[in-house]
Amino acid sequence: MAFEANFDGLVGLTHNYGGLSIGNLASTAHASAISRPKEGALQGLAKAKMLADLGLVQGLFPPHQRPHLPSLRAVGFSGSDKDVLAAAWKADPALVRAAGSSAQMWAANAATVSPSTDCADGRLHFTPANLMTMAHRALEASQTEASLWAIFANSDHFAVHHALPYQSLFADEGAANHMRLCRAHGEPGVEIFVWGRNGFGRQHTAFPARQTIQTGQAIARRHGLEAGRTLHVQQSVKAIEAGAFHNDVVAVASLNVLFCHEHAFEDRLGTHEAIKRACDGLMEAVIVEVPEAEVPLSDAIKSYLFNTQLLELPGEDRLVLIAPEECRENRPTHRYLQKLVASNGPIGRVMFVDVRQSMRNGGGPACLRLRVVMDDAQRDALGARAVLDDALYQDLSTWIERHYRDTLGPDDLADPNLMLEGQVALDELTDLMHLGSDFYPFQREALLRTW
Ligand code: SUG
């Protein structure tokens, strides 16, 4: 029996507001604000626990080592870890800000995932995203790949690829630009890759279009997807210019339902048509489109109406939307949601969650999770201790309480104690999550030193 699991990225110890993502309005608006890492990590964990308590399989990805010293060493800083940090800060604080970002918490960008039923070899395929458009995110892929290898450790069931080549032609932001429609999770689906630019052409947007059509085509080939059930559709230029830096800011799909804004796609009617055609014979695709007249694009982006988790919950006959609190506070969005659940449509209930620490960097509930459709045999084949149960929840809560700082200001990233606190905490986490003692670069360096 197949089901959809969600793997959330644990918020890291350096969660901060670096103002690093041009085109992501929340990131720019909160640049240099004081962040609250402990609160952020507990908010993310509480959301994960809520979904586990609702009866879903909920996993977690460990945070990455930050600041990412291998990147600073690669650009010419040397000596002890403290020397590297101090010299990099002195040379250019922006380098340390990029190397200190905790952006790996947005697991929707970790990888693109294709369930076994869609893939020619019958395995569940992952392509870690190279995230090469943003310097602070391009550091993530190798550690993401290590996490995927640790958790999806069985090659009879899982295929974990390398990230695509690090070139603009294959700019990849993972599942944030990928949707899947199906009648039931275990049945063949239609995979939809959303792109913002043609990698061989010119960039037509002022804000970066972070994904190319060539990326989706390459992933579809690697995963062995069937051409007739794979679509490549263009995100609207208007949406990118308004601050929708990923498709998941203007659209979300679950089962046979696509919930999207009127301005989500460049060729609105053509895209709807193509989706219906591809789904023909497999399911009846239902498109719930929110008109600009009811929720203007700017409100949808502010409230993150579409960066919601659209879920099939045990015992409920209609889908449930997990939305950020901001959707309750934004007038047009809240009005629309009330109307939506009162209608006889496929979405029957909205639950609100507080993920404000993440939202201030442009990360809503859906950004924080990577969806993985799997079956019972695949669940049994998972490695590490990554699926949330009461015991893991307790252990992680205690770990966060003990190691995370309450607040971080922009210059705290230069503090060598923050770096050391992170290494102590992550070393303990590898034990707690059964990830091995050579999981992070700092652990491998320490091992080498003992030889
Ligand atoms: O890539 N923000 C992330 C938010 C990612 C949200 N993910 C999805 N939509 N799936 C980004 O823009 C801000 C970091 C900073 O400014 O400190 C940041 O990276």
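Glycine is treated like the rest: Cβ placed from N, Cα and C.
These come from TrEMBL:
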- E173: active site (ACT_SITE)
- H246: active site (ACT_SITE)
- C367: active site, nucleophile (ACT_SITE)
- 18-27, N109, 136-137, R210, D248, N361: substrate binding site (BINDING)
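The structure, with features from TrEMBL marked on it.
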| residue | record | Cβ within 10 Å |
| --- | --- | --- |
| G18 | substrate binding site | 23 |
| I22 | substrate binding site | 14 |
| N24 | substrate binding site | 23 |
| A26 | substrate binding site | 21 |
| N109 | substrate binding site | 29 |
| R137 | substrate binding site | 22 |
| E173 | active site | 28 |
| H246 | active site | 29 |
| D248 | substrate binding site | 27 |
| C367 | active site, nucleophile | 28 |
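Around the Cβ of L20 (substrate binding site), the number of neighbouring Cβ atoms within 10 Å comes to 21. Residues L20, N24, N109, taken from the recorded positions L20, N24, A26, N109, E173, are distinguished by a CB atom under 6 angstroms from ligand 1. Annotation: N109, D248 are the binding-site residues among N24, N109, D248 whose CA atoms are within 10 angstroms of the CA of C367 (active site, nucleophile).
In the three-state DSSP reading, N109 (substrate binding site) counts as helix. Taking CA atoms as the reference points, E173 (active site) and H246 (active site) are 8 Å apart. Annotated pair N109 (substrate binding site) and H246 (active site), C-alpha to C-alpha distance, rounded: 9 Å.
A Cα-Cα distance of 12 Å separates I22 (substrate binding site) from H246 (active site).
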